[in-house]
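Student: The following feature annotations were taken from TrEMBL:
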type	residues	note
COMPBIAS	67-81	compositional bias 'Basic and acidic residues'
REGION	62-82	region 'Disordered'
TRANSMEM	216-235	transmembrane segment
TRANSMEM	241-261	transmembrane segment
TRANSMEM	268-291	transmembrane segment
TRANSMEM	297-317	transmembrane segment
TRANSMEM	380-402	transmembrane segment
TRANSMEM	422-445	transmembrane segment
TRANSMEM	475-492	transmembrane segment
TRANSMEM	498-515	transmembrane segment
TRANSMEM	527-546	transmembrane segment
TRANSMEM	566-583	transmembrane segment
TRANSMEM	590-615	transmembrane segment
TRANSMEM	649-669	transmembrane segment
Amino acid sequence: MRKRGDTAAAAAVLSDGGSWPALIALLEGGRSVSDANVGGAPAAMAAAAPSRDQAAAALEAATASPLDRDEPDAALRRRSEAASALPKDLPLADLLARCPDELLFDRPRLFAAYLDDCLARGREEGYVRFEAALETASGRFEPAQTAALYAWGAEWCRRAGRSHKALEYMRLAESLPGTEAESTERSLRLAREKLRDEQNKRLVEQAGALLGRGRLPLLAGLALALSGLVYFHFADPFAGLARQGMDFIGIGLAAVVMWIVRAVPDYLVALFMAMLWAVGGVAEPSVALSGFASPSWLYMLFILALGAAITKSGLLYRFSLLALKLFPASYRGQFWGIVASGALLNPLIPSSSAKVGLGVPIARTLSEAMGFADRSRGMAGLSLTAMVFYGFTAPFVLTGSYTNVMALGMAGGTEGVSWFQWLIYALPAFLVFGGAMAGFMAWTFRRREPGRPIRTEVLDDQLKLIGRWTRSERATAAAALGSIALLILQPLHGLDYAWVMLLGFAALVLFGVLDGDTLKTGIDWPFLLFIGVAFSFAEVAERVGVVDAMSNVLGARMAAFSGSPTLFLVSVVLLSFLVTLVVRDDAAVILLVVSTAGLAAQAGIHPWVLVFVILLSTDPFFFAYQSPTYLTGYYSAEGRSFTHRQGQLTAIGYGLAVLLLTVACVPYWKWLGLIGHGG
C-alpha cells in the first residue's frame, strides 16, 4: 500500500508541475527520472515498475494481437483486462488531463490506459482526444492499435447512447486489414475519410433542418399534411381537374410539407406518396412505379456505382493533387489551379457534396502551407473558391450531378439531349459564370494577409501518402474516361446513355473494383428510392391533367413574363431562390420543373434551358441551411476554413453570377434554336 501511495503522490506532484516527461517515465515504469526533483519519486517508480511492466505487456497484447483485426470486441475486452492491471487508485484521466497530445499519442499503450480511465470515469475529454488521435493515426499507431482505438470509440458511444455511431466505429475496426504498409496506409486514410464523411453528413442534416428535429415538428407536419389530404379529397374540383387530379395535389402538398419538416427521411415520404397514388386510385401501380423502370433510373444506378468506385479508389484526390502541381506555387497560381482542377474534375463524380468534401480540405491544406490562419481572408478565399468550382459547377456537365439527370428525365422533350449537346449548350454559360465568380472571389478577398509560396514538398508529401497507382485506380480511371468518351460520341453510335454507363459499370465489376460490399455501402440506395418516385411524379402529374391545369392557371397570371423569354427565365431564377427558403435540394427541383415546364413551353423555351436554369438556382446559400453543398464544404473543414459571413458574401456573388449568365446566354440559346421567340 505504501508503494502504490508513493507512486500516486509522486505522479500528482509531477502532473501539477507540468513535468510531463518525468510523469510519463513514472507511469511507464521507468527506472530513473533525473529531471524530477520529487522526494520519494524514484523509489516509488522502482517499486511500481513490476506492476507497470505487467500492465504494459497486457496492453501490448491488447493492441497488437492479430485477433484485433478480426475481432474488435476481443480487442476491447483485452484492453479492459489490461487496464485492470493498473493501480486502481491512479487517476490517469486527471494526471494526464493537461499532457500535450503529441507526447501522449506517441505512447500508444499509455494512451490506451488513459482512454480506459476516461471511459470508466465518463470523462468527455477522453472522447475528444480519441477523435484527435484518429486524425494522426497513420503516423503513430499500428493497424491493430488503430482497430483497438475504433473499438474503444464504439464502446464509448454505446455507453453514451449513440448506437448508430458505435456501429460505425465497429465497422471501421473490422475493415482495417493487416497487409503491407502501403496498402495499410491507404486503407487507414480511406477509413478516416469515410468516418469524416459520415460525421459531415449528420452535421449537414442537423444544420439544414429548417424547423429542427423532434416530436413537435413531426406532429405539426403530420397534422398539416393530413389536413391537406382531407381538404383536397373533399373539395370541389377546379381548373378542369377530375377527382384524381385533386387527390394528386393533396398528396403532393402533403409530401412537400413533410419534406420541409424533414422529420422523416425524404425517400420514405416519396414511397408513401407512390403508395397513396396507387391505393387512392390516382394512378395504376404500374404508372405510380414507372420511374423505376425508366432508362434514367438505371443511368442513376450506374453513375452512382461509378462514383462509389472513384471514391473508393481515391482517384479524384490524386487527380486534384496532380492538377494543382501544374500551377505556380504562389497564392494566385494555386487560386487558378483550384478553379481549373474543379472544372476538369467536375464530370467524374456525380455528387456536388462529394466533390466539395474533397476540394475544401485540399484548399485548407494549401492555405496552411502558405501560413494563413483559420478563417483568415487568405484561407477563406481559397476554400470558398474550391467550394464554388468543385461543387457549384455541377449543372454545366450532364455527369456533374445525378440531380441533372433527374431533372432532365422529369422535364419531357429532352430525349435527344446527349452529354456532348449538354456541354455545348452550357459552355458559354460556364465561361460567363467562371469569369464572374473568379473575378468576384479575387476582388472580395483581395486584402488578404501576406502568404508564402507553397513548398513543392507539400503536394509531393500528399502524393506519397496515397502511394503508387494501384490496379483499382487504373481500372477506375479507364472506366470513367471511357464512359465519358462514349457519352461524347453518342451521336455516332446511338446507344442510350443508360447503356453506355452499363458498359462502364460492367467493366468495374469484371475488374473487381466494384464488389458486393461496395455496391451495398457505396451507393446511395435511399436516393435511388427517392429518384424512382420522382421520375414517376412527372408521369402521374401529366396523366391526371395537373400539368395542363397549372399551365392554364399560371399562364393567365404570368402573361407578362411568358411574352419575354429573358424576363421569364429571370423570374424562374428569383422564384427558385425564394422556394429554397422552405424547400431544399431535389424536392425543390421537382416542384419547380413540374410547375414551370408548361409555362416554359408557352414562352418558346426548350425544356433543357428551363432545367439548366433551375439546377443553377436551387442550391443558393444566402442562408447556410439552404444548401447541402455549402454545409458540406463548411463542415468538411470543421468550420475552420471560413465563416458564415464570408460564405454569405460569396453567396451574393453566386446569385449575381447566375442572373448574369441567364441574361447573357439568351441570345446564344436563341441562335441554337433552344428559345423560339424574342424577349
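Every residue gets a Cβ built from N, Cα and C, even glycine.
Note that TrEMBL annotation is computational and uncurated.
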Student: Thinking of Cβ pairs under 8 Å, which stretch from 297-317, 422-445, 566-583 has the most of them with the transmembrane segment (241-261)?
Tutor: 566-583
Student: Do any residues, 6 or more residues outside the transmembrane segment (380-402), come within under 8 Å Cβ-to-Cβ of it, and if so which ones?
Tutor: 300, 303-304, 331, 334-335, 338-339, 341-343, 345-348, 350-353, 355-356, 358-360, 362-364, 366-367, 372, 408, 417-419, 422-423, 426-427, 429-430, 433-434, 437-438, 441-442, 444-445, 448, 484, 487, 497, 527, 531, 612, 615-616, 619, 629-630, 632-633, 637, 641-643, 646-647, 650, 654
Student: Which bits of the chain, at least 6 residues beyond where the transmembrane segment (498-515) starts or stops, bring a Cβ under 8 A of a Cβ in it?
Tutor: 295-296, 298-299, 301-303, 305-306, 308-309, 312-313, 471-472, 475-476, 478-480, 482-483, 486-487, 490
